[in-house]
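Encoded as structure tokens, the structure appears first; notes follow it.
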Amino acid sequence: MDFNMKKLASDAGIFFTRAVQFTEEKFGQAEKTELDAHFESLLARADSTKNWTEKILRQTEVLLQPNPSARVEEFLYEKLDRKVPSRVTNGELLAQYMAEAASELGPTTPYGKTLIKVAEAEKHLGAAERDFIHTASINFLTPLRNFLEGDWKTISKERRLLQNRRLDLDASKARLKKAKAAEAKATTVPDFQETRPRNYILSASASALWNDEVDKAEQELRVAQTEFDRQAEVTRLLLEGISSTHVNHLRCLHEFIESQTTYYAQCYRHMLDLQKQLGRFPGTFVGTAEPASPPLSSTSPTTTAATMPMGPSVADLAPPGEAALRLEEVAPPASGTRKARVLYDYEAADSSELALLADELITVYSLPGMDPDWLIGERGNKKGKVPVTYLELLS
């Protein structure tokens with residue numbers, strides 16, 4: 001108990017000394033040990049890294065989960081070390097509603113059939129979104145969060161300790177300066193009335209007394225300087241580790257972009273497939289009962305847009321008055337053919353398209369007036385339309 005009281009009194013004295021030194025520095029009444037320029041630049045870079053990492057982390061969380069209530073719920077689950085429950089994505093919820101609507105309104109009607117097809121596509125989009133959120137959380141958010149909750153807390157702790165060591169060092173310098181000034185004054189004009197009781201045997205002169213004070217202050221200064229230098233080196237090593245943090249975050253950023261690219265490619269592929277499937281429904285976009293010759297004024301923009309074909313076909317490229325263009329009669333242009341590598345398997349929807357296998361090489365070219373999302377592909381003596389998104393064009 002006595003030992004604890006002594007330690008408590010010692011800690012209180014150290015805290016008071018640091019508070020006095022800090023206050024005097026703020027008022028310009030005490031000198032302050034300045035860190036070198038390189039150290040200051042390391043501190044500034046570390047602070048900037050921390051601030052921008054926080055902003056990027058928060059905004060990425062908003063991107064992946066726009067609902068603030070859901071983000072708060074996930075945060076609470078993480079703090080309680082509990083597994084975050086699986087959440088239905090908006091696309092999956094929309095798919096569920098569309099499927100239920102098709103079941104109630106009639107799955108055999110044009111509207112019901114279309115609802116079912118769109119529901120399947122929305123379900124695929126929701127699943128792709130779920131995979132993207134999961135991958136981005138692991139490969140990007142988790143490393144950023146680990147830096148803020150791990151490395152940065154260690155750096156902050158060592159910086160606070162360095163600040164305390166600097167205050168101790170400057171307080172020791174101030175104490176030594178005062179002791180030397182008092183010693184010089186006592187040497188010049190000895191005054192035995194200034195001597196005060198000590199825990200050691202008093203010298204017969206005030207000069208000898210202040211000489212002991214100077215020796216003690218110099219010893220304290222050496223200890224404070226050693227501790228400050230040691231702590232400065234520890235903090236410097238941690239701050240220089242920010243470079244490794246940047247390299248790690250760069251790798252994580254590449255992985256995030258890779259997962260985002262995959263996600264959008266999957267979405268685009270699903271929507272292209274949906275567009276082709278809807279284009280095969282002849283009665284999907286036309287009413288069941290139409291006037292034989294509707295008046296021009298009764299045609300609404302909605303009806304006009306609904307009766308438009310979903311996408312161009314090779315037959316659309318035929319000149320007016322001629323039959324549909326036959327692929328076997330299409331000759332490649334004299335220039336403009338390129339080699340392309342197939343990225344994914346592709347099943348031809350009709351005889352005008354060319355089925356593809358992943359990693360095979362084909363020759364591709366474009367014809368005047370073709371949809372920019374499609375090319376003509378040749379493999380041996382076979383040719384047909386191929387989607388651009390399934391290809392990697394080679395130079």
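Every residue gets a Cβ built from N, Cα and C, even glycine.
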Range among 14-30, 116-132, 167-183, 303-319 that Swiss-Prot annotates as coiled coil: 116-132
If you look at how Swiss-Prot annotates this chain, which of 1-27, 352-378 comes out as region 'Membrane-binding amphipathic helix'? 1-27
Between the candidate ranges 206-240, 241-275, where does Swiss-Prot place the coiled coil annotation? 206-240
According to DSSP, how is the domain 'SH3' (335-395) divided among helix, strand and coil residues? 3 helix, 28 strand, 30 coil
